[in-house]
Amino acid sequence: MLISYDWLKQLIHTDKTAEEIGTLLTGAGLEVEGIHTFDVVQGGLEGIVIGEVLTCERHPDADRLSITTVDIGAGEPSQIVCGAPNVAAGQKVVVATVNSTLYPAGGEPFKIKKSKIRGAASEGMICAEDEIGIGTSHDGIMVLDTDLPNGTPAAEFFGLGSDKVFEIGLTPNRADAASHFGVARDLQALLDTKAQLPNVEAFKVNNTSRPVAVEIQNTDACPRYAGLTVSGVNVGPSPEWLQKRLRAIGLSPINNVVDVTNFVLHELGQPLHAFDADKIKGDKIVVRNAEAGITFKTLDGVERKLNATDLMICNAVEPMAIGGVFGGEDSGVSEATTSIFIESAYFSPDSVRRTGMAHGLKTDASFRFERGTDPNMVITALKRAALLVQEVAGGEISSEIVDVYPQPIQNHEVKLNIARAHTLIGQHIGVERIKTILTDLGIEITSETETDLTLSVPPFKVDVTREADVVEEILRIYGFNNIEMSENLATTFLAKFPSPYAEDVTETIAGYIAANGFHEIITNSITNSNYYQAIGETANLVQVVNYNSEDLDVLRKSMVFSGLEVLRRNINRRQRDLKLFELGKVYELQEGDYKESRRLSLYMTGNVTAESWKQASIKTAFHDLAGVVQNVLRKLNAGDFEVQKLAENPYMRQGIAYAKNGTVIAELGMLDTAITRLMEVKEQVWYAELNWDYLLKKYKDKLVAEELPKFPEVRRDLSLVVDKHVSFDELKKVAFRVERKLLQDVNVFDVYEGDKIEAGKKAYALSFTLQDKQQTLTDKVIDSTMNRLMQQFEKQLGAFIRK
């Protein structure tokens with residue numbers, strides 16, 4: 001998903017750079033996979049300036065060429081040979097300077113060089129509009145009406161500033177963030193400022209000459225349908241500002257009406273559709289299921305055979321569009337259209353998903369409807385679209401808004417126990433901070449006691465249905481990086497295996513995990529493809545022919561679903577406190593070949609300790625799983641490993657990864673609630689998956705013993721202030737590059753972010769353990785070492801000592 005930085009700033013005020021916004025969004029679960037620059041004109045007119053023709057004389061050796069001198073604001077005028085018939089002294093022109101690159105419309109880019117043309121030196125090029133890529137005319141050079149100083153960048157004259165565009169890896173559970181306003185709503189909570197919906201107060205009905213009636217025959221598939229008519233529109237190209245917005249996010253402009261519907265979809269997350277109002281026979285919209293077997297031609301010109309489960313948008317006589325998926329060819333907007341009917345509706349995710357899969361259709365609209373849109377945004381989006389159509393295509397609103405909504409979708413209530421939230425989080429967060437986060441996310445607090453908050457969750461938060469989901473929302477905004485790792489981890493063992501063979505190592509690790517209270521499971525490698533279809537992960541599945549069961553039709557590409565089947569079976573039998581593990585294989589199709597690899601998976605759910613007379617039960621938390629994984633890696637002598645942010649993962653919403661030498665060796669975190677709901681597991685599930693093949697390959701059978709040191713350790717502490725994006729791992733790497741001999745360990749014992757330090761910064765309190773194996777360290781050596789460390793922290797990471 002592409003999000004424009006400039007567009008975002010129209011919805012929420014912020015002075016933060018695109019890079020700073022990207023860091024914030026990634027920390028909140030909207031992973032920014034990249035930020036690129038968008039230029040309205042390719043190349044951004046770099047090196048192209050406004051100049052003034054001082055003199056213009058005919059070339060002595062070419063009738064169609066002129067020799068000009070042009071002031072480009074660089075001191076001495078430049079001599080330029082020009083072939084345009086309309087060039088003349090006194091003109092303000094567009095000049096491509098030497099070493100600039102031109103990107104002509106419909107042509108290949110080329111670089112401007114000093115040259116001789118028919119014996120006359122030429123230092124640049126006076127340009128026509130097609131030569132700089134802002135138009136198609138080549139009738140002559142561009143003559144500008146401007147008082148701008150010579151040498152002014154042409155981009156400034158044409159108003160062609162660049163934009164930054166975020167590429168966000170949107171996970172299936174974050175339907176609420178599938179728009180610029182949805183992302184702004186997350187920033188509202190992260191920055192504690194206000195995101196502003198576009199103002200639609202200017203909306204008014206001009207007349208009621210073109211009313212359209214609406215009838216919904218299947219309210220389960222379409223709970224809400226609204227629309228209005230705009231008459232007297234002039235369909236044509238969109239204005240430059242609208243085309244720029246769409247191009248920035250990878251869309252090609254079509255015409256002003258269609259462009260408005262696409263604009264509103266990406267601005268507010270509400271899909272819209274525009275019909276030619278003259279094609280609505282009987283001035284009536286009927287939302288009903290299709291007649292099985294009939295054909296319907298969609299906008300792409302394809303005749304599609306419909307199923308009885310397909311929801312259709314029809315006029316009084318015939319279908320016009322597949323509801324929530326794709327429009328019809330015969331009812332769409334064309335250059336001849338003068339009146340339009342704008343549709344804004346809420347369609348059931350199940351209905352849209354089923355129809356889209358049946359016909360192999362995936363559109364921007366169906367992408368959002370499948371995940372769940374906001375039924376309360378229907379009218380706002382409709383008014384916004386109507387006002388924009390009037391602005392860019394003219395016309396009058398010629399009907400009242402028709403809004404059929406027989407059973408309004410209500411907010412759902414969730415109770416949050418503050419103490420239980422702290423247990424799940426693993427850290428105390430102030431109640432006022434929790435309330436601010438929830439309110440900024442659009443979740444209303446309807447009542448409050450000393451122990452509980454009663455919440456009203458709006459429909460756009462489709463993935464927030466229970467207390468654990470609310471805790472996850474709090475954690476997203478508070479920041480997983482701000483949660484300190486518990487020191488109450490399992491015992492660390494020195495690894496010693498009877499032999500280096502894989503079977504023995506596997507058996508020993510399995511025994512260790514079992515000794516920590518886990519039960520080993522062995523599940524079927526053949527599973528149901530519907531699991532992967534439901535989350536959009538059907539690529540590279542290994543299909544199998546299974547005459548015994550139609551449901552078991554693919555080899556698993558992840559251990560997740562087979563483990564969840566076991567969890568579901570046990571939970572349904574009132575066994576909720578579960579710790580399971582499996583050593584098995586996963587399968588994938590890669591470049592035409594079948595690949596299988598071994599994985600170690602761990603599952604934890606319920607309580608980690610049972611209730612007794614002396615203590616209450618304690619819910620399983622992230623650090624419980626992390627402790628087991630870390631100790632498995634220690635028993636495998638995995639050595640030092642990096643802690644990384646979890647890369648795009650279709651199964652886990654939030655978590656971390658452990659990596660060694662650039663290879664991810666383990667991923668762990670909470671399974672996405674969309675997946676647990678799909679599998680009918682009503683508990684929060686913590687999951688880890690280890691790359692068993694890699695770990696076995698790198699396993700070291702023997703440890704190298706070292707003599708116990710004779711000389712004492714020395715600890716020194718530093719409090720460093722760094723940019724917010726700098727991680728502890730980066731500090732640690734710099735430290736060990738600077739001092740390999742004396743430095744034994746680096747630990748962080750406090751992290752601070754707040755109003756006592758500069759915005760965009762954070763402070764680490766670090767302890768450094770120093771030791772010389774040959775002699776007692778002197779104060780001089782210690783001070784020298786700490787000074788060198790501080791110098792490199794400052795040089796490489798911009799750190800400074802907190803005062």
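Cβ atoms are placed via backbone N, Cα and C, with glycine included.
As written in TrEMBL, here are the features:
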type	residues	note
BINDING	Asp463, Asp469, Glu472, Glu473	Mg(2+) binding site
DOMAIN	42-155	domain 'TRNA-binding'
DOMAIN	409-485	domain 'B5'
DOMAIN	709-802	domain 'FDX-ACB'
Secondary structure content, the domain 'TRNA-binding' (42-155) (per DSSP, counts of residues): 9 helix, 42 strand, 63 coil
For Asp463 (Mg(2+) binding site), nearby residues of its own chain (Cβ under 8 Å, 6 or more apart in sequence): Asn173, Arg174, Ala175, Asp176, Asp469, Thr673, Ala674
For the domain 'FDX-ACB' (709-802), residues assigned helix / strand / coil by DSSP: 30 helix, 32 strand, 32 coil
Helix, strand and coil totals (DSSP H, G, I; E, B; other) for the domain 'B5' (409-485): 33 helix, 17 strand, 27 coil
For the Mg(2+) site built from Asp463, Asp469, Glu472, Glu473, further residues of that chain with CB within 8 A of the site's CB center: Asn173, Lys461, Val464, Ala468, Val470, Val471, Arg476, Arg653, Thr673
